[in-house]
Amino acid sequence: MRAPSKVNLHLGVDDLRSDGYHELTTVFQALSLSDDVRIAPAGSLAVSVHGEGAAQVPTDRTNLVWQAAVRLGHLAGRAPLVEIEIEKGIPVAGGMAGGSADAAATLVGLNELWSLEMSRDELADVAAELGSDVPFALHGGTALGRGRGEKLLPVLSRNTFHWVLALAKEGLSTPKVFGELDRLRENGDPPRLGDPQELLQALASGDATQLAPLLGNDLQAAALSLNPALRRTLRAGVEAGALAGIVSGSGPTCAFLCGSEDDAVEVSAELSGAGVCRSVRTATGPVPGARVLADGRH
Ligand code: ATP
């Protein structure tokens, strides 16, 4: 299966609710930077991880793919006797929902392997129980998310957008970033995003120049407060010719929207040389959600 990463084009975060969560209004876009997940029948449930940041990813029951297999197995009345191999391309703890993508790929793969014939909606219900970003990883494309991000509506998006991603040296913990935003809000009044109406119109028009100034992320101030070096990264991308740069989700990956594929190649080359990040990737969006590759290979 191929599982896409995501960037939040708009991430509005409401105040902390009494149940400990924040109500979100977000516009997700699925990107071509992806993980590959292979599943094969086995004598017991086992997970292995290779590639980008593999050493930081657990292979026990705390891995989201393990939880996805157990939960779907429970629903289907089957023991989850499978070996799940993850090839990471998505940075770990990078604000690009890599773990959620792997979980979505596992649901799609097991639905096929076990011939469960569950609909996308049924799989989305299981996905929402696993984590708030998992339904979008199944959905793919561009979507408006509410609640904790799990209540999705498709968004009309014309054209393919070109992105450059600056991967940071160390990850940021999502709960820590939300905690930092709460702290900043207790001590002051950092600016908040309005509704994403204008951004949705820019997506429908397919014009990257119109979209660029409307990108926004309420978590960015918190991510920058925890990792001030990201300011330099954001500045360097724009100086290199990107239309705009934002912190992706809870960070620390920085995502730069570019005007064309050629611009993206140029921005990525300049960013690589500037020494402001660990590595650089180009990507396009929107792409489809987690899916079985036709022949099981690339
Ligand atoms: P999000 O933006 O959804 O908060 P993220 O992209 O910042 O997520 P992930 O890479 O999805 O971060 O994972 C964060 C943590 O979850 C990792 O540090 C790791 O310990 C744990 N984890 C569990 N399963 C996975 C997985 N399959 N891939 C990556 N991390 C996983």
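In case you wondered, yes, glycine gets a Cβ from its N, Cα and C as well.
The feature active site is assigned by TrEMBL to LYS6 (among others). When secondary structure is read from DSSP and collapsed to three states, LYS6 (active site) falls in the strand class. The number of other Cβ atoms within 10 Å of the Cβ belonging to LYS6 (active site), over all protein chains shown, comes to 34.
Counting Cβ atoms from all protein chains shown, ASP133 (active site) has 28 others lying within 10 Å of its own Cβ. Taken from TrEMBL, the feature active site applies to ASP133 (among others).
Here TrEMBL flags PRO91, VAL92, ALA93, GLY94, GLY95, MET96, ALA97, GLY98, GLY99, SER100, ALA101 as ATP binding site. ALA97 (ATP binding site) carries neither a helix nor a strand DSSP state and counts as coil. Cβ contacts within 10 Å of ALA97 (ATP binding site), excluding its own Cβ and spanning all protein chains shown: 30.
According to TrEMBL, the domain 'GHMP kinase N-terminal' annotation covers 63-141. Looking only at the domain 'GHMP kinase N-terminal' (63-141), the predicted model's pLDDT averages out at 97.
The domain 'GHMP kinase C-terminal' annotation in TrEMBL covers 200-274. When the domain 'GHMP kinase C-terminal' (200-274) is classified with DSSP, helix, strand and coil residues number 44 helix, 11 strand, 20 coil.
With respect to ligand 1, the recorded positions ALA93, ALA97, GLY99, ALA101, ASP133 contribute ALA93, ALA97, GLY99, ASP133 as residues with a C-beta closer than 6 angstroms to one of its atoms, given in sequence order. Within 8 Å of the centroid of the Cβ atoms of PRO91, VAL92, ALA93, GLY94, GLY95, MET96, ALA97, GLY98, GLY99, SER100, ALA101, where the record puts ATP, the same chain has further Cβ atoms from SER5, ILE90. Each residue contributes its Cα atom, and for ALA97 (ATP binding site) and ASP133 (active site) these two points are 7 Å apart. Between the candidate binding-site residues, ALA93, ALA101, the densest Cβ environment within 10 Å is the one around ALA101.
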